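Please read the structure below before turning to the comments.
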Amino acid sequence: MSAYPKSYNPFDDDGEDEGARPAPWRDARDLPDGPDAPADRQQYLRQEVLRRAEATAASTSRSLALMYESEKVGVASSEELARQRGVLERTEKMVDKMDQDLKISQKHINSIKSVFGGLVNYFKSKPVETPPEQNGTLASQPNSRLKEAISSSKEQEAKYQASHPNLRRLDDTDPVPRGAGSAVSTDAYPKNPHLQAYHQKIDSNLDELSVGLGRLKDIALGMQTEIEEQDDILDRLTTKVDKLDVNIKSTERKVRQL
């Protein structure tokens, strides 16, 4: 069962301290009776609806700021994964080059086992050495899915700067004027411009949240693909290093036998 009685409004939790209990929900029945009671109830309901709309708009704006912040963290993590991929690929190329050099050394060792035949073969058919590849000549690229996700999210960086709670205040850029609760005494609910503005703000924030969550999903899926591909590189690298270690030990034994 709920921890709060039925008279409490759960939406009050958003704007208050975590340790505080939510304010009780009030409606027209809580107002005193009297000659002006119907007008007071109507006035109160208008103000209450407007206050709730304002709180909801503020809540969605905070959620939007957190979404952009999460997206920025996701982009930074994705870029770090891309750099890690470059390190792994360069390491794999270095191991391949070491293996190639070791094979050439083994051929030389086998050739000089016979003094005459080894010298003849060595000068007659010297193995063609492949020039070593320069590290960093080609920039490593992440998988296409992650690359597209990073590019799409970086286009939203300006929105992140505009919505970050440490860089702006909600009332600095909101089109809804502050203190609107006192301006509804003569406005009918369907025609209240302040309420309409809050609704537009809420709808806009929810639309941006929906699109932003889609981008976050793309980043997550791209990172998953990138991690899986890097796992494959690590598996190949581990196998090559183990094989290289065996060949090095074998070459050492052959050198000692000369």
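Cβ from N, Cα, C; glycine included.
Residues or ranges marked as coiled coil by Swiss-Prot on the basis of sequence analysis: 76-107. Per Swiss-Prot, the feature compositional bias 'Basic and acidic residues' maps to 18-32. Annotated compositional bias 'Polar residues' per Swiss-Prot: 132-144, in sequence order. Under the heading domain 't-SNARE coiled-coil homology', Swiss-Prot lists 196-258. Taken from Swiss-Prot, the feature phosphoserine applies to Ser77, Ser78, Ser114, Ser163, Ser182, Ser185, Ser204, Ser210. The feature phosphothreonine is assigned by Swiss-Prot to Thr130, Thr137. Annotation comment: Swiss-Prot describes 1-41, 127-190 as region 'Disordered'.
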- Within 10 Å of each Cβ, count the other Cβ atoms and name the one among the modified residues Ser77, Ser78, Ser204 with the highest count. Ser78
- Whole-number Å value for how far Ser210 (phosphoserine) lies from Ser78 (phosphoserine) (Cα to Cα): 21
- Query: At the Cα level, what's the spacing in Å between Ser77 (phosphoserine) and Ser210 (phosphoserine), rounded?
  - Reply: 22
- Rounded to a whole number, how many Å is the Cα of Ser204 (phosphoserine) away from the Cα of Ser210 (phosphoserine)? 10
- Query: For Ser204 (phosphoserine), what is the secondary structure state per DSSP, taken as helix, strand or coil?
  - Reply: helix
- Run through the Cβ atoms and count how many others sit within 10 Å of the one on Ser210 (phosphoserine). 10
- Query: What are the DSSP helix/strand/coil residue counts across the domain 't-SNARE coiled-coil homology' (196-258)?
  - Reply: 61 helix, 0 strand, 2 coil
- Task: Summarise the model confidence on the domain 't-SNARE coiled-coil homology' (196-258) as a single mean pLDDT, whole number.
- Result: 91
